[in-house]
Amino acid sequence: MGLLGGQQNGNAAENGIAGSEFQLGGSKTKYQRMESEVGETAEDAPLTDKNTRRYVLACAIFASLNSVLLGYDVGVMSGAIIFIQEDLKLTNVQLELLVGILSIVSLLGSLAGGKTSDVIGRKWTIALASIVFQTGALIMALAPNFTVLMIGRLFAGVGIGFGVMIAPVYIAEISSATARGSLTSLPEIFVNFGILLGYISNYVFSGLPAHISWRVMLGVGLIPSIFLGFSLFVIPESPRWLVMQNRMEDARMVLMKTNESEKDVADRLAEIQQAAGMANAENYEAKAIWREIVSPNPAVRRMLITGCGIQCFQQITGIDALVYYSPTIFKDAGIKGNTEVLAATVVVGFTKTVFILVAIFLIDRVGRKPLLYVGTIGMTACLFVLSVALALPGQGEVGIGVAILAVCGNVAFFSVGIGPICWVLSSEVFPLKLRAQASALGAVGSRVSSGVITMSFLSVSGAITVAGTFFIFSLISALSVAFVHTCVPETKGKTLEEIEMLFQDKGEWQGSGEVEMGDAERLVENKLPTIEPVTSLEPYRQVARYIN
């Protein structure tokens, strides 16, 4: 927020305003270089910067471990339900309920997650999410019947609800503007990695007896909790949450670990205080925050449309149905035998994981909106091709090959576009005082959408065929392209305060590019109604800092 390191000077330069900072306020890069000339060698300075970036990356990785659990559950359940149905003699409706209830129940965790993260902190909400999920996973692995299996599924769903909303919020609050997109996409990367592990687990343990194989598959998901336990000794609390609790010294200590210089720490702490309303001693009660969300002003309404809308489109385009029921899809395409079907799902999981890694390298270079265009258009085409491949009977090996390519193409475009960028945007577009609750609301929309899709897929595909179901998904995906065009601004390289300014102007909200000079002027006017001059150059230094 605000001054996030010397990397942002380039962004300021693009807007034609960095010159005053170089001339009058001094850039951070030069500030650090002068420090290194006086107090340290030139070789030492880059090492400090590198260590800081590594520490922030480590925090983001550890905060994302809950996402491995979510991904593993999604991936492993796609194969486990084959053996669960055989062992417990479940109907298709029971299978739909078992698969889809997790997403529905997770909304309880997401709703509670916003308030919980404001009360106990972002860090310990991550821990709570893991504990609740692992309790559910253990119950499921030991379940003797459908009822106990559903109880475990309910616990797992609540844990996932906590996890999916808190990790992006935490990462966004410890990251710089230039790295925030890549780091905030880590949870989605870990979800994909978890899905791949789940698919591999299905394939590896598919040779065991039916009454044992699915229990082993689910039980293996407990392993990531060990690493998550260690992570709690590494990651700090969010400095923004600490400021909201008026724990300034603790916030300063965290910022010392995530910034390259004491000057950066002082600048960021001051800006976080101002964003949190601490400068005016404003404390926002939960009821007032929810009132602002329920009865939003035009700017907040645009934020909610963008943040919550992108969450819903991520799910209603059918990605969870495709992942959960990929064995059903491949069987409908003509693949015979459980082992061959599960082997095909491994290929899908590998594709999904590889392309999410592509996204992390592009998201802060290319930008959010171009990747969303590529992803949604590509998904629309692949879903349409899949529906055609499944609708044409008697295609044999050709039909199977086209179906597999279409499924892999769909998950690839999803992983490059709306998959990771959905979480990045939902953690960026809301102001600090609304971020936890609004992000929770967006996660609720995502989980409800996922639950509706997964709990109805088998019934709908039985009524209109699997091909017809995916044709509907292709139409919804086409609508997501229009949504991206009209409702999603470009947020690449912008501070959280600059992003907030984008939503103040409807024209900029619809298809915004870089922050214009007028935005910077309004930002200065809003944030600095008066500037008390200390020296003849001090006002210019303050203006340069706030513009950047």
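Here the Cβ of each residue, glycine as well, is placed from N, Cα and C on the backbone.
As given in TrEMBL:
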- 55-83: transmembrane segment (TRANSMEM)
- 59-492: domain 'Major facilitator superfamily (MFS) profile' (DOMAIN)
- 95-112: transmembrane segment (TRANSMEM)
- 124-142: transmembrane segment (TRANSMEM)
- 154-172: transmembrane segment (TRANSMEM)
- 184-204: transmembrane segment (TRANSMEM)
- 216-235: transmembrane segment (TRANSMEM)
- 341-363: transmembrane segment (TRANSMEM)
- 370-392: transmembrane segment (TRANSMEM)
- 398-426: transmembrane segment (TRANSMEM)
- 464-484: transmembrane segment (TRANSMEM)
**Q.** Result, the transmembrane segment (55-83) in contact with the transmembrane segment (124-142) (3+ CB pairs under 8 Å)
**A.** yes
(Q) Using a Cβ cut-off under 8 Å, which residues of the same chain at least 6 positions beyond either end of the transmembrane segment (370-392) come close to it? (A) 313, 317-318, 329, 332-333, 359, 362-363, 399, 402-403, 405-407, 409-410, 412-414, 416-419, 421, 465-471, 473-474, 477-478, 480-481, 484-485, 488
Q: Answer yes if the transmembrane segment (55-83) and the transmembrane segment (341-363) have at least three CB pairs under 8 Å among residue pairs 6 or more apart in sequence, and no otherwise.
A: yes
Q. Taking contact to mean three or more C-beta pairs under 8 angstroms, with sequence separation of 6 or more, is the transmembrane segment (184-204) in contact with the transmembrane segment (95-112)?
A. no
